[in-house]
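J.: What follows is a structure written as structure tokens; I'll ask about it next.
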Amino acid sequence: MRALLRLRRRLPLPLTARLSFSSSEPHEIPTIYSFLQPSIFAPRPRPQPPPPPPPAAHDTAPRKTLPVADGEALESDLLAAVAEDRTDDAWLAFKSLAASSRPPSPPAAAALISHLAGAGGAHHRLGLKRAFAAAVFLLEKSPHAAPVPEPALGALFSALATAGSAAPALALARAMLRCGRRLPAFPVWGHPLIELTRDDAGAFAAFLKVFDEACKLVVGEKALAEAAAMRPDLAACNAVLAGCCRRLGSVADAERVLETMSAIGVSPDVESFGSLAFLYAWRGVSSRVDELDTLLDALGFSKKGFFKNLVSGYLKSSNFESVSSLILRAVKEHRVGYGNVFDQESYSEVAQCFVDHARIRELAQLIIQAQEIELTQQPMSVEDSVGFGIVNACVELGLLNKAHSILDEMTAQGASVGLGVYSSILKAYCKEQKTAEAAQLVAEISATGLQLDAGSYDALIDASMTAHDFPSAFALFKDMREARLPELRSSYLTIMTGLTENNRPGLMASFLDSVVDDPRIEIATHDWNSIIHAFCKVGRLEDARRTYRRMVFLRFEPNNQTYLSLINGYVSAEKYFNVLILWTEVRRKGTEFNHELIDAFLYALVKGGFFDMAMQVIDKAQEFKIFLDKWRYKQAFMETHKKLKVAKLRKRNFRKMEALIAFKNWAGLNT
């Protein structure tokens, strides 16, 4: 806290001396708002020094005294017109009341201003003009304590903010300050003004004067409840402070806001000190940076945001030496397990600024020095290293060539490049399918004696498969196996999936056969099924049969899907005898049949004319209580064997004749 007190003592002026509102500022509606001045709003003259009291009235003609009954009738007309969306009639009623000695009541004023501010379509701009004029008039002329209720003012400020009308909104705020009444709650008007002016230095400077004057009224307010309602909250104060630090770059204005916060009872937080850190780094006020550093230690605040803002400030002033020193300091003070020292935004800012100023060499030196510090600490993940952060930022910014240039510079300086620095570039090459560049980088990595991790290999293999460079994918997978990496499953699936999608069953079979003995890859029946299905799909039935035999030889148990793929392939090629052989083998094994497999066998055997085996299938269906749709097999018989005569068959093969009769009886073909 002593550091904070010293910071305050160094501020040049007390709050009361700086929060005054310039008496030379004009009080009339600026001439740019002449369109807001109907006949009842004549411009107010400037006060002349020595200042006699300004005239009490804005208009030159005496006001008419309106009977109470007439005033009430006009106000009723105004409310009715608002309710019925008759905007012009409501405005005429207001003008009549304003020209008299009886201005509208606060409820009527609220209804009118809210209605005008919310006008849409072609009437939006005119509605805002009228709402502004009405609010300014009522604030300055109405005898009511709160002539425009807060909700109506809030609606008007919000409408002006939405329209991007900073100048009228500031003029309305000045009218509130001039009228001598209690200010509305700060969120009603302050938040819209902050949003309106935060991106415009000139408008923000004007708002800063309004903010100072409003805070002076808060300090002078004796009623605690009213002062609390008028007071800006921490978020608003931080937004104003950030505007001074980041938009205006003014140390004097920022420190004045900091003192104002203290005067109105709002304590600064980490965000407040972050804005100050940015400003002091930008403006090169190193003594204040040191004070903030000490203060954060005393308060027990995290320094992550402090370092981030210092980096941004130093970069804005192109103080690259301080950026590097600060990053190295942050690495030294970093605790393993607390994530990265800086976030991706900071690394992107660093990378972009150094590259824009052609400081690749300095970036390489920074990574080298950071690596030396990181090696002395507890083991950290690759993603938490400074090298990865900077190189990955270059990649994300689309500066892939610059990222590679950083590696070249590190190598030229005789430094060992950590694998983490390589990995993000390698993955980016893979993502963009720049396989030649990726291959070159892999060669560079191998030359340094580094070993790629499984994730990098998988990215390379995926890129090769996407580019249909299957030999490269196989070679990379072989390198993975020889490097004794424990995790091979992901890359194995990448290759198998790519080959399946590209209908390359031959390569699938040879690849699977080459890795089948590797215990790190859990090969199962479905892997073989994929190859068999792919062979059958392209009509390579002999290869499918050989794969099936190889599968059985290696003691992988075929399942129903294996048999279905083979049956469908044989039926497509009208090789029904192969189905007969398969049925004999499957029946001998005692396979657990389901409806789909029974149906496939029966349909194929009927089409092939093997009715004795078909009846065996029917017996199996009855054994397993599987329902069969006889119409399907009757159709298959009629399509293929409708001219088959039992009498001719009896002379040649009595057994086959009996099977045919049995099938026809079962299918209902003899009726």
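Note that Cβ sites are derived from N, Cα and C of the backbone, with glycine treated the same way.
What you are looking at is a predicted structure, and each value in this text was computed from that prediction instead of being measured.
Grabbed the feature section from TrEMBL, which reads as follows:
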type: COMPBIAS; residues: 44-56; note: compositional bias 'Pro residues'
type: DOMAIN; residues: 64-222; note: domain 'At1g68980-like TPR repeats'
type: REGION; residues: 40-63; note: region 'Disordered'
type: REPEAT; residues: 233-268; note: repeat 'PPR'
type: REPEAT; residues: 418-452; note: repeat 'PPR'
type: REPEAT; residues: 524-558; note: repeat 'PPR'
J.: Under the DSSP assignment, what numbers of helix, strand and coil residues are found in the repeat 'PPR' (524-558)?
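T.: Taking the repeat 'PPR' (524-558) as a whole: 26 helix, 0 strand, 9 coil.
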J.: How many helix, strand and coil residues does the repeat 'PPR' (233-268) contain under DSSP?
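T.: So the counts come to 29 helix, 0 strand, 7 coil.
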J.: What average pLDDT is reported by the model for the domain 'At1g68980-like TPR repeats' (64-222)?
T.: 89
